[in-house]
Amino acid sequence: MDASVTLLLLDLVGVYFFAVSGSLLAARQRFDLVGSLLLACVAGLGGGVVRDLVLDAGPPVAFSQPLYLVPPALAVVTVYSIEASVQRFNRLLVVFDAAGLALFCVSGTLIALAAHQHPVAAVLLGVTSAVGGGILRDVIANVTPTLFDQREFYAIPAFVGAALTVVAQTAGALGGIIVVPIIALVFALRVAGRRLRWSIPLASRHVVD
Amino acid sequence: MDASVTLLLLDLVGVYFFAVSGSLLAARQRFDLVGSLLLACVAGLGGGVVRDLVLDAGPPVAFSQPLYLVPPALAVVTVYSIEASVQRFNRLLVVFDAAGLALFCVSGTLIALAAHQHPVAAVLLGVTSAVGGGILRDVIANVTPTLFDQREFYAIPAFVGAALTVVAQTAGALGGIIVVPIIALVFALRVAGRRLRWSIPLASRHVVD
Amino acid sequence: MDASVTLLLLDLVGVYFFAVSGSLLAARQRFDLVGSLLLACVAGLGGGVVRDLVLDAGPPVAFSQPLYLVPPALAVVTVYSIEASVQRFNRLLVVFDAAGLALFCVSGTLIALAAHQHPVAAVLLGVTSAVGGGILRDVIANVTPTLFDQREFYAIPAFVGAALTVVAQTAGALGGIIVVPIIALVFALRVAGRRLRWSIPLASRHVVD
């Protein structure tokens, strides 16, 4: 399979997973169908729009390629189909969010490298794509971003995935197959970090105000 | 009248209506004069800035054309002049917001078509311009975006307006006069939808968490 | 010293001060180390990213120049080092925020002028750079932006600084030394405005809803 087709597929699948997380959050917040579709679009496409605005190479793909509207539409259909049987709502949201994070930190980094960004910028753009959609989703739905929830282990897996992608690409090892273990690792880190309640030191313990 | 002049006027009038909605929200939130001006700028200019960033054709007009600063300034003066006599505050906000929505979904779509975007991208950009300023206004003022309020009927009128604009333009029917009924229809849909409490199915009814 | 080097230094020092304000807010909100770094990046780099997106001249420097990642990292180290001894937390946040505001309204305006923007656009971009990072910081941390807090005197000092910078530059008086009193004035206006509780008229006193 062509490398650019693989990349497009990676990106679209990532959009789908994030879009489901947006639609699930809309359901929890009791937004209507239009709100569900909008939050699916924001969560699924937001990180990529920010990435493309930063790359400054024409309109973001979310606008220029209508194909990118398919995953958010499918996501809304998915959530409407499964919602009656959903018992553990938050756990499902975490799984879809983790899958989106894993796919986006890799696809965002690869897209930045393909646009001739240097390695540090590519890592930054990978992390930005990966966390951007989720932050926009949470800010717009008026909940505190997952990233700041202490029980979550969020930005570090994205950073690890983006950095490994740059290393593998520089070593010439990305034939489309090396991305699979990187994606699996990021997903595992994110889910395990939450399950095992890995924690990171607080910035402050003695704030007196 | 020249087509581009008509478009500029449409856009400026839309900025004014959205800017009034921002200034009214600032009054309700008890922000000061500077906060009122800022929220007027965010609401009036935000959707257009996002549209222009996506189009990626030089600095957004809100920055490059000082003329765009006139409507927000007028909006603040308007709100200061009328505020003592305002009894039904929310209703007024809805009317101005609806007028801005109606004008922006048309002007945003036309600007995107003029920038040689394909029809689907033009519709998306029209909707983004129309709902973008209001979302930014509400997020920055820390209230839940109108879009997610179930009693509101918000994104659908914008979508209908943008789609009709593309159809009319493609059919060669936009001589500057066809936009008037489209704008009136969007405004009517938005206001009637609220008045008649049209509702859209919730994404979920059985969330157990 | 070369003018562009002076400008780079001004900008980096501004990034550091805003980044400290972000990291201090993260400490107050009890975010973890990663949240602290992210909020430092958002506060320190956000205004500049928006400025560079508007200027539409390639990827924002925060992404293309890795040097810009040093100040946020230093800011997190600073906050972790001092936090145990911080007694008057909010006052410290205001001081760093004021220093960032003073530096950014000048550097943002100069960068816009260097990119051949006209004077009005340069003032707007200076103000946007100066208030943008703080608004993004507060929106993402889910607190009401400082800008809207009536006790604060925020956007006016930034506007004064940006306007004076344009005047001084147009008069050919900016040899790198004239910026110092402008920065000092903006800082003094911001801090004195808060200390003396200068207030601006409310947009409305009689809202009945």
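Just so you know, glycine gets a Cβ as well, placed from its N, Cα and C.
Note that TrEMBL annotation is computational and uncurated.
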From the ranges B:6-26, B:153-173, grab the one TrEMBL calls transmembrane segment.
B:6-26
For the transmembrane segment (B:33-50) and the transmembrane segment (B:174-192), does the number of C-beta pairs under 8 Å, pairs 6 or more apart in sequence, reach 3 or more?
no
Pairs of Cβ atoms less than 8 Å apart decide it: which stretch in B:6-26, B:62-80, B:92-114 has the most with the transmembrane segment (B:174-192)?
B:92-114
Near the transmembrane segment (B:62-80), which residues from the same chain, at least 6 beyond its ends, have a CB less than 8 A from one of its CBs?
12-13, 15-16, 19-20, 22-24, 26-27, 33, 36-37, 40-41, 44-45, 48-49, 52
Helix, strand and coil counts within the domain 'Glycine transporter' (B:9-80) (DSSP):
62 helix, 1 strand, 9 coil
In the domain 'Glycine transporter' (B:95-168), how many residues does DSSP put in helix, strand and coil?
59 helix, 0 strand, 15 coil
